[in-house]
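Chemist: Reproduced below are the annotations present in TrEMBL:
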- 55-229: domain 'Oxidoreductase molybdopterin-binding' (DOMAIN)
- 274-364: domain 'Moybdenum cofactor oxidoreductase dimerisation' (DOMAIN)
Amino acid sequence: MGQRLGDVSAPARLAGPEEGISREELALAARNHGLPLEALRYDVTPPGLHYVLTHYDIPWADGEGWELAVGGRVRRPLTLGVGELRARPPATRRVTLECAGNGRALLSPRPVSQPWLTEAVGTADWTGVPLRDLLAEAGVASDAVEVVFTGADHGVERGVEQDYERALPLDVAMGEEDDDVLVAYAMNGVPLPPQHGYPLRLVVPGWYGMAHVKWLRAITVVDTPFTGFQQTVAYRLRQNPDEEGEPVARIAPRALLVPPGFPDFMSRARIVRPGPVELEGRAWSGRGTVTGVEVSTDDGASWHAAELEAPSADGTGRWAWRRWRLRWSAEPGRHLLCARATDSRGNRQPVRQPWNRGGFANNQVQPVPVLCVDDGERQDR
Ligand SMILES: Nc1nc2c(c(=O)[nH]1)N[C@H]1C(S)=C(S)[C@@H](COP(=O)(O)O)O[C@H]1N2
Ligand SMILES: [Mo]
């Protein structure tokens, strides 16, 4: 009898009512780390602090020998080395990337997968060649509908052996919808680090992370919608496993607080001193521009408008997070802080999260418990 890789028809699992994070989820969480939330202070996330999500292994890559194939429904198929891409007119975009599963572990019931709390986010300056330039050069056939992006990493997911692959509708790939999609070779001015896709990755401004295919080795123009695992099985908003579901696409608005004060080691609960406390954080949306951030220090009973930093004037940062601030006068006792963002399309973060099976695209407000005490209880002096 042949070996099976797993049950192909089995849906992703939901945790039971009292079920804790498993060893398998811990293994994923240790490989795929988040942004320490204090790093929300940086406009551009320093190397190593940007979140990482890799489904399989980071493939070994020799940048010199790397080839990117552009083919399928095109008139002139191309094979490009990294040097040839670097020789073309570059474009740089500051883009906030967020994993579609950010916040998953806070849902109930908990979808069993990478158990993110709220830290699967980061911002980088990505430099590369606009995808539309490469597609124009290759000459897209008139019957094209989508463009498929293939990574060099390979694995098994729910019994399906696969290369990591995702597709974009042709108008998004051509940058007609909102902004240039990039084939990027640099992150913050230096070659991509291995974990972020060295030597080439896709960057799709405003879209959740799964669309930004790392270790990009092929771009294939197709005349029928792509039905690969990461497109039609994973990354769908579903209530029941047998639904077709809605595809996950653009990032819903979210505001996060830099955790104020200092933390308790185990609980991560925050401690602040009585008096003025500068609350600050970041807010972003891939569905529009963030137009407002409101902060509550009383568990949502009252909301106060925060001061929001203006977006960059040249437009290259329109998909990057924006800083916000609010001064709070902390009084002794327990407080529950939270912040919520609204964007130019009228999308606002929910206080209670609508649930979906994969735990995707959830953007529930982040509650930050704070204990305000004076320093009379210190034991270290
Ligand atoms: N080839 C490949 N690309 C990939 C992935 C992957 O596993 N393989 N993970 C995707 C997911 S789910 C996310 S959230 C982002 C994470 O990008 P980062 O690790 O650079 O932050 O990469 C995306 N691109
Ligand atoms: Mo992701």
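Quick reminder: no glycine exception, Cβ is built from N, Cα and C everywhere.
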Chemist: Per DSSP, what is the residue tally for the domain 'Moybdenum cofactor oxidoreductase dimerisation' (274-364) in helix, strand and coil?
Modeler: 0 helix, 44 strand, 47 coil
Chemist: Please compute the mean pLDDT of the model over the domain 'Moybdenum cofactor oxidoreductase dimerisation' (274-364).
Modeler: 95
